[in-house]
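Here the structure comes first, spelled out in structure tokens, and everything after it is commentary.
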Amino acid sequence: MVFLKESHPRNLDNDQRGIHQKNNNNDDQREDKSFSCAMQLSTSIVLPMVLDSAIELGVFDILAKTGPEAKLSPSQIVAQMPTKNPDAAMMLDRILKLLVSHSVLGCTVVADEDFGSFQRLYSLTPVSEYFVTNEDGVSLGPFMALAQDQVFIKSWSQLNNAILEGGIPFNRTYGTHVFKYPDLDPKFNKVFNAAMFNHTTIVIKKILESYKGFEQLRQLVDVGGGLGVTINLITTRYPNIKGINFDLPHVIQHAPPYPGVEHIEGDMFENIPEGHAIFMKLLKNCYNAIPNDGKVIVVEAVIPTMPNISNSMKSTYQLDMLMMTQSTEGKERKGPKKKSWPWQPWLDLVASNLNVLSVIFGLWSFSSKRLACNIYYLDLPPFLL
């Protein structure tokens, strides 16, 4: 009895120690995970800079040209670059390992029997394929270059001051609006136009695969249409449509001619050309620009009320922040209230007959008849399309 009496609390104490030790281990693991996440965030500038370098070095195109299932070592990749640096392969290997850790590239380790060592072979993934120049001659590489351009990078330094004192970070940095600056900086204008051309081509071609709302249109205006890539893709698919590409003069002067497309200079904040439908990234003054049977077509990234951690939302939040640094008018939209959806945000465009038509690449396609156009105000700069 004495032994049992003494042993029972001892066993219980051991059990408690085990539970306590297990809880401590869990706490340690959570702390380690949290610290690792915090450290990753602290050095998060590294990834986009490294990715931008890989794009400029042509890493993804080199892998793609080698074959669909190509697996190349850093030395094999460097052999196709214009370099005589003896350390190039070693430096590239360090870059590629980081990209593998973010699923941008795949990696296979193979043994080298001749030298008794191993080497890493790298391959493309579904993510990195978007950085490969495709059959249309486009990729997300130029969009990446725009986000990392020093013109944009410098404007981030004014984010704190803009929050505390007001104003737009870009304007505070350069003394002018983001739409007017490209006219003052030909180099940046080229970077900006290339980014819009490539990103637009990828997204619009995907939208045209599923969205059929252009079929009955006779005339279509793309407001803030840049070089006219969007309207050209649409009129090429639907030759019955007369296309109008509307943008600022310094943009239109670089727009190439397209069959069935008329380029018109102007300011979207002042007036918009008339059309049977308006395909816009920025909507204002549209009520008087379309006939009674016309409609407004919106392609937009939508932010839910409750933030989530999906890649789609992370991308949207980052674009939202990018827009906030460039323009007070620039921000992503909230979704329309609909009880059947898992979240119930409110659309601050408040269109009574707004129809959700499709979701492509995290972008929502909306359509509304003229009746609701007078309460539309989609105040985005053309960073998405």
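From the backbone N, Cα and C atoms, a Cβ is placed for every residue, glycine too.
Over in TrEMBL, the protein carries these features:
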type     : residues : note
REGION   : 1-33     : region 'Disordered'
COMPBIAS : 1-18     : compositional bias 'Basic and acidic residues'
DOMAIN   : 39-133   : domain 'O-methyltransferase dimerisation'
DOMAIN   : 156-334  : domain 'O-methyltransferase C-terminal'
Per-residue pLDDT averaged over the domain 'O-methyltransferase C-terminal' (156-334), given as an integer: 82
Helix, strand and coil residues within the domain 'O-methyltransferase dimerisation' (39-133) as assigned by DSSP: 46 helix, 17 strand, 32 coil
